[in-house]
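Q: Can you read through this structure? Questions will come right after.
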Amino acid sequence: MIREAIYEIVNRNNLTIDKTKEVMNRIMDGGATDAQIASFLTSLRLKGETIEEITACAMVMREKCQKLNPEFDVLDIVGTGGDELATFNISTISSFIIAAAGVPVAKHGNRSVSSKCGSADLLEVLGVNIMLTPQQCEAILKKVGMCFLMAQTFHSSMKYVAKVRKELGIRTIFNILGPLANPAKASYELIGVYDENLVEPIASVLVNLGVKRAMVVHGHDGLDEITLSDTTTICEVNRGRLNSFFITPEQFGLKRCSLSELIGGTPQENREIALNILNGEQGAKRDTVVLNSAVCLYMFYDNMTLKQCLRMAQDMIDSKKALNKLDEFIKASHET
């Protein structure tokens, strides 16, 4: 079955959703050889993954993972990684601001991919216990209004592809599946992608997956976040409808910066950056976090404008509510 699928892909034929799900199920159940997995991933990459193929793979990952079942809508803010720019942890720091503003956040993440410090690495040096069971994560989400979902804890089937992915050393469909496979089935998502050509296709996949509202973003400087150093392309998902547009920092009264001002470092260095921002330090890093947070608040709160959400995000920092949310989260991660 996998051999037939590889044959079709090599001949530049697209797979149906059902056929792709069959192949993905076989891989995620450990029923494919390393050679078959490598051939499937490489040929798919060379052909170019379709919206249907990405949708099918994301569906299987969602089915196979350990799940959270919150009684309320949650938001995720996450990037694909792979932009190779080594920026600081914009989405992770934003999550404390968003949660402090009353939006439940189920942050899905892992250790470093494209930088020296992934979301898990930063949270760990901040003092968060990241190795929690799904039951503990669900309890913390209910108690604190946010949780961290460690990818390796929730997606155990990924062990069947880990060795092949590492040996291949190229981007594959799995680089974009992580943000699409939140174990809490986030209804609201801000997803950053490393390639502008992925913006609208990923938005279409989110429609297929039933997400209520989402923003898929790509900075023209290459960033898989909303950037302050250039224009950002956005495709908005709003209950099945798509709307693509561009934003610039100047539209929101923010000063454009150089990309070098957004570069991060080691986990310890990024810890210092995070605490400086949450303690009120001004500058490009703060403004970038504020803008990404504001877009998430805008998605969740239908009755607010983006500029109002920008002021709310700024207030979450200046009032120390975001810093207090971090402290609350750290404490809960060790007590639950």
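Counting starts with 1 at the first residue shown.
Yeah, the Cβs are placed from backbone N, Cα and C, and that goes for glycine too.
Swiss-Prot feature annotations, pasted as is:
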BINDING   Gly79, 82-83, Thr87, 89-92, 107-115, Ser119  5-phospho-alpha-D-ribose 1-diphosphate binding site
BINDING   Gly79, Asn110  anthranilate 1 binding site
BINDING   Ser91, Glu225  Mg(2+) 1 binding site
BINDING   Arg165  anthranilate 2 binding site
BINDING   Asp224, Glu225  Mg(2+) 2 binding site
Q: Find the one among the binding-site residues Asn110, Arg165, Asp224 whose C-alpha lies closest to that of Thr87 (5-phospho-alpha-D-ribose 1-diphosphate binding site).
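A: The answer is Asp224.
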Q: Ranking the binding-site residues Thr87, Ser91, Asn110 by other Cβ atoms within 10 Å, which is at the bottom?
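A: If we count Cβ atoms within 10 Å for the binding-site residues Thr87, Ser91, Asn110, the smallest count is at Asn110.
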Q: Sort out for me which one of His108, Arg111, Arg165 has the most neighbouring CB atoms within 10 A, since those are the binding-site residues we care about.
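A: Comparing the binding-site residues His108, Arg111, Arg165, the most crowded Cβ belongs to His108.
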Q: Three states by DSSP: which one describes Glu225 (Mg(2+) 1 binding site)?
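A: The residue in question, Glu225 (Mg(2+) 1 binding site), is coil (DSSP, three-state).
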Q: Under DSSP, is Thr87 (5-phospho-alpha-D-ribose 1-diphosphate binding site) helix, strand or coil?
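A: For Thr87 (5-phospho-alpha-D-ribose 1-diphosphate binding site) - judged by DSSP and reduced to three states - the answer is strand.
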Q: Given the binding-site residues Ser91, Arg165, Asp224, Glu225, state which is nearest to Asn110 (anthranilate 1 binding site) when distance is taken between Cα atoms.
A: Ser91
Q: Can you tell me how far the Cα of Ser91 (5-phospho-alpha-D-ribose 1-diphosphate binding site) sits from the Cα of Glu225 (Mg(2+) 1 binding site), in Å?
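A: Cα-Cα, rounded: 8 Å.
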Q: Going by DSSP, give the three-state secondary structure for Asn110 (anthranilate 1 binding site).
A: coil
Q: Between the Cα atoms of Arg111 (5-phospho-alpha-D-ribose 1-diphosphate binding site) and Arg165 (anthranilate 2 binding site), find the distance and write it as a whole number of Å.
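A: The Cα atom of Arg111 (5-phospho-alpha-D-ribose 1-diphosphate binding site) is 15 Å away from the Cα atom of Arg165 (anthranilate 2 binding site).
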